[in-house]
Amino acid sequence: MASSEGFLTEEQREMLKIASQNAEVMSSLSLSSSPKSPGPRSPRPKSPGQNSSVLSEHHHVKAPGGGHSAMVGGVAVRHVRRSHSGKLIRVKKDGAGGKGTWGKLLDTDGESFIDRNDPNYDSGEEPYELVGSTVSDPLDEYKKAVVSLVEEYFTTGDVEVAASDLRELGSSEYHPYFIKRLVSMAMDRHDKEKEMASVLLSALYADVIMAAQISQGYFMLLESADDLALDILDAVDVLALFIARAVVDDILPPAFITRASKMLPESSKGFQVLQTAEKSYLSAPHHAELVERRWGGSTHLSVDEVKKKIADLLREYVESGDTSEACRCIRQLGVSFFHHEVVKRALVLAMEIRTAEPLILRLLKEAADEGLISSSQMVKGFTRLTESLDDLALDIPSAKKMFQSVVPKAISEGWLDASFVKSSGKDGEKSEEKDEKLMRYKKEVVTIIHEYFLSDDIPELIRSLVDLGMPEYNSIFLKKLITLAMDRKNREKEMASVLLSALHIEIFSTEDIVNGFVMLLESAEDTALDILDASNELAFFLARAVIDDVLAPLNLDEIASMLPPKSSGSETVCMARTLTAARHAGERILRCWGGGTGWAVEDAKDKIQKLLEEYESGGVVSEACQCIRDLAMPFFNHEVVKKALVMAMEKKNDRMLELLQECFSEGLITINQMTKGFNRIKDGLDDLALDIPNAKDKFKFYVEHAREQGWLLPSFA
């Protein structure tokens, strides 16, 4: 702004005038605000910037009329009024008054406090205080409880109490964390605690903690091996020994090591643990005994020792008949969670020695009445025996009949829970007939599958299944087929997959195949005990079924929904999904077993035709028998019988009967194969009669001859 007044416009002059008035008002306010000052203060000189600041403020405040309103002390003039004394005082906004006024309605600016001694005191008027509280995590609570449980077990060594406490703790879904905590605590202690931890896990297996949870718990330990190694110097070796011990004790399948190795980085400590367990402990000669004794053994008995002691005490009881002494010996074993073995072995002994049955039943009743053998252990013992009845019946023909008579008697006397009948599904003769039918089917099916692996004759296999006439067991056939194939070479695995495609087209429904795979995956843990790479093999069979359009991809979800979560079967389904989703999955999976299925059926038939023609033209019987033997196809010998009979009809030469007689006498062609060959001729007799007019008469003659020589089964019509 110019210093000379002559250069100011009229508007600027007006603004300067208003600013001067504001300055005077500010000065008067400052003097009136300090009435107790000792004397009049001399006005401070204004700085050159003061007016300019006031001017700048003035530009931003407008009067209601549209013009600029005067500012008093940096406030609009409408907020300033003159008192009766002639002094200008500032008024509060919103009509709240100033000094000496009542203030506005509901004015809460003043401080207030609550007097607890006031008769009108209301505790509800107290100000609220937000108190922070931590939300408890069930897993954290479980981990804390588990620590005290493990500490107590290491102190007392009482397996029964530890198992009971764990069961009462509930939260069974957290059992893998129990395994992790138990083993990690034992790793940092002496050999005694390590041995105790292994014994406890063996006792809890299947009864309190499921097999899948055992595997999950050990895998969690492998994942945390790097952290454990920071606190425990020999963590890799100790954890490897724990895993080896679990395999030896049959609570971890050997396939766990292979499966877990694929899920861990090779640079991790967990991978080193698995390598150590496999190479240093499980591959050594007599590794089971070495692993069991590594921590100096235990005051507890091993499983085999307990079984031997149970067998001995039962034998002594049968000889002496002293029930109280037998109960004392059972109690002295101190293995209440293994009493189902006592029940099972006692019943088997009663089947072997029929005269001992009354004594055995009296012992079991006494043990149940005393509470020595719990109801759950009794039911478990009966259930285990039910599962092995088929095998027992091979050695003890009356086993099933005896078992069926014992069950109702035990229930009526009150020492076997009635729920056993519902869970086992045994309803007398009807159920027994069903079991016999199923057992017969399984035997027939094994023969048919073996024959197929040798002959590669899919049409013949389909005819055999149709002849059996049991389509309700199709899923069992699938389970048996893949189980047998997994234990053989790639050729048989490829043949099994090709057969599945053919069966799906001909006689199997998608439901049959889904149910068969579910049965396979449910028993995957048991299969893995015999076939180390069972999980991977099953995943390839599932993936191959999808690629071959036997199963739809959605069927994998259906199969997974029918399996327990986080089980080895569920993991196998996930692996199959991964295989089918991979790039170029179709080509890779189709060639996973090398492709091809071995000998073609026509090749085998051609070889049989040539050796029979050579024999018919003057060959030696012994040489022909050797050629049949060299074929190494005993399950396809019915083709030899069929072709020999047809050739005998065509050539009108009964020399072929001599060859069949020699083969039967040597056991080269069995009575089953001989009967099957004759049946095949009978089925095609009408077609044969078109080319050989006297075929029916000839066949009748051959049948009579075969019956005289004992070649045919009595069932042959």
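Sequential numbering from 1, following the chain as shown.
Glycine too: its Cβ is placed from the backbone N, Cα and C atoms.
As annotated by TrEMBL, compositional bias 'Low complexity' applies to 27-36.
Per TrEMBL, the feature compositional bias 'Pro residues' maps to 37-46.
Among the features that TrEMBL reports, domain 'MI' is placed at 141-262 (among others). When the domain 'MI' (141-262) is classified with DSSP, helix, strand and coil residues number 98 helix, 2 strand, 22 coil.
Here the domain 'MI' (305-426) returns a mean pLDDT of 83 for the predicted model. Annotation source TrEMBL lists domain 'MI' at 305-426 (among others).
Helix, strand and coil counts from DSSP across the domain 'MI' (440-561) read 103 helix, 0 strand, 19 coil. The domain 'MI' annotation in TrEMBL covers 440-561 (among others).
If you look up TrEMBL, you'll see 603-717 (among others) marked as domain 'MI'.
Taken from TrEMBL, the feature region 'Disordered' covers 1-71.
Residue counts for the domain 'MI' (305-426) under DSSP, helix first, then strand, then coil, are 101 helix, 0 strand, 21 coil.
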